[in-house]
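First up is the structure itself, then whatever we jot down about it.
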């Protein structure tokens with residue numbers, strides 16, 4: 001192995017295809033280090049190449065403390081905040097220890113969820129991309145054992161999976177763990193709960209006595225101490241939790257009636273500068289229902305929960321990670337370990353029941369020291385949980401203000417562009433496309449020289465007068481427009497000033513407001529130049545292929561859906577299909593006899609009427625073919 005000085009003198013970094021440098025500011029959660037570099041740890045050259053190719057620049061505090069001790073083979077018990085680099089803290093020393101000339105399993109990494117297993121295995125492959133003949137295998141529940149059996153017949157160096165499947169493979173002799181020298185548990189607090197503890201102990205018994213055990217998590221309950229006393233040998237303890245919540249995540253709450261949560265969610269989408277967002281619900285049924293509502297508002301949206309097929313869950317996670325959509329509705333399935341740095345907004349549509357769940361939810365934003373925003377929609381029944389979670393986490397969740405400053409959750413460069421650009425006019429008073437075209441052409445053409453501008457000045461005066469007249473007319477129309485309460489009574493309750501305006505929507509007293517045909521555009525980056533009304537969805541979406549459960553393509557608003565909805569595919573919004581009817585040409589009368597129901601019979605295709613389908617008076621009517 002080359003020494004640190006040799007690595008520093010060589011120009012091996014110049015040929016690496018590193019990604020563009022991330023210029024976003026970072027908080028002290030990842031910058032408060034002692035100035036160490038990855039070269040100072042004595043890592044192998046191939047591993048260093050993978051680290052810098054992946055975009056790593058300097059180790060974070062947890063990496064700076066955990067990697068050197070893990071390289072010595074000592075047991076590690078590390079506690080650090082979400083999104084501060086815990087995954088690389090155990091993968092880097094594990095990869096440095098792997099001997100690819102041996103064909104047996106040398107490291108076992110256990111995680112609580114399938115999505116986290118998929119992400120962890122991908123990180124292993126990315127960081128070890130330059131290590132020759134490195135073999136990483138992932139195995140989780142929801143897949144057939146046959147594929148795992150065939151894969152384990154080949155050399156496997158690192159095995160990543162969920163506890164149940166790992167124990168199944170090990171107890172049946174399919175996966176040999178008797179030479180596995182590294183035993184890692186990510187999200188150890190979850191793995192050492194009552195549900196997983198028996199499985200973990202049985203799996204650990206399959207490993208040799210001379211092993212290295214490493215535990216990483218953001219929270220450590222009392223069960224972790226019991227496991228440490230029984231199965232770990234003088235572990236090196238790391239605790240970087242001066243506070244539980246991330247410093248870069250701003251937390252707000254808003255009291256909202258249950259029937260108006262979707263209405264408030266639409267307002268947040270219209271006002272916030274969302275790069276990507278994750279919306280959490282407390283049950284799988286509410287996940288699918290909310291995903292359908294978000295789609296009806298005109299926003300592209302995927303959903304994921306534990307009852308979906310594993311292939312569909314993997315596809316949704318992969319597409320959301322690659323930016324195929326901006327919004328993901330999910331349950332607590334994705335609260336642990338999921339690292340998507342493009343997510344800057346987390347919305348608790350249902351307030352979590354425990355402080356642990358709340359901590360992991362808001363940790364999906366503000367990853368690796370970046371800025372993030374967490375907003376919780378509360379009902380009156382949730383106020384007790386709010387006080388309890390604040391006291392347990394030692395944090396303060398503030399009421400949502402009238403205006404949320406983008407500086408709190410958006411990169412400064414994007415905020416400056418937003419402020420330099422003129423704000424867009426509301427959709428209700430926006431100028432027609434014909435009036436916007438001259439302004440667009442004026443922005444597209446280069447500046448006119450001064451001598452030509454003098455010649456064009458007489459013609460420019462009428463244009464300016466015309467624009468002033470248009471602005472005055474728009475202001476008059478806005479003043480004459482009926483107010484919300486005058487037209488619809490008291491309307492839905494608006495607990496905070498943020499929800500007073502209804503951008504790009506037509507208010508209605510129903511629990512779910514009916515929205516205009518022009519779907520609201522989710523704010524992103526600098527304000528766009530005025531243009532004709534956009535399509536119902538401006539967000540990226542997956543290509544039209546075989547429907548995947550959990551992926552809901554954007555639909556038209558309700559005003560455009562009458563008579564056009566088709567029966568939904570699995571995982572898509574189930575629309576009420578309308579039968580194709582031709583004019584009545586004197587078909588046969590229905591017999592009015594339903595199976596167990598009495599209703600009006602309807603003939604189909606000119607044939608004798610079928611049994612009545614509705615609960616009616618039992619009298620047949622003129623059939624419609």
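Every residue, even glycine, has its Cβ placed from backbone N, Cα and C.
Taken from Swiss-Prot as is:
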type: BINDING; residues: 80, 81, 82, 83, 84, 85, 86, 87; note: ATP binding site
type: COMPBIAS; residues: 427-441; note: compositional bias 'Low complexity'
type: COMPBIAS; residues: 450-505; note: compositional bias 'Low complexity'
type: COMPBIAS; residues: 513-528; note: compositional bias 'Low complexity'
type: COMPBIAS; residues: 538-586; note: compositional bias 'Low complexity'
type: COMPBIAS; residues: 604-617; note: compositional bias 'Gly residues'
type: DOMAIN; residues: 67-238; note: domain 'Helicase ATP-binding'
type: DOMAIN; residues: 248-408; note: domain 'Helicase C-terminal'
type: REGION; residues: 1-34; note: region 'Disordered'
type: REGION; residues: 416-625; note: region 'Disordered'
type: MOTIF; residues: 36-64; note: motif 'Q motif'
type: MOTIF; residues: 186-189; note: motif 'DEAD box'
Of all the binding-site residues given, 82, 84, which has the fewest Cβ neighbours within 10 Å once its own Cβ is left out?
84
Non-site residues, in chain order, whose CB comes within 8 A of the mean position of the CB atoms of 80, 81, 82, 83, 84, 85, 86, 87 at ATP:
60, 62, 218, 368
Express the predicted model's confidence over the domain 'Helicase ATP-binding' (67-238) as a mean pLDDT, rounded to an integer.
92
Going by DSSP, how much of the motif 'DEAD box' (186-189) is helix, how much is strand and how much is coil, in residues?
2 helix, 1 strand, 1 coil
Residue counts (helix, strand, coil, in that order) that DSSP gives for the motif 'Q motif' (36-64):
17 helix, 0 strand, 12 coil
What is the total of other Cβ atoms whose distance to the Cβ of residue 81 (ATP binding site) is within 10 Å?
25
Which one, from the binding-site residues 83, 85, has the smallest tally of other C-beta atoms lying within 10 Å of its C-beta?
85
Let me know how many other Cβ atoms fall within 10 Å of the Cβ of residue 80 (ATP binding site).
24
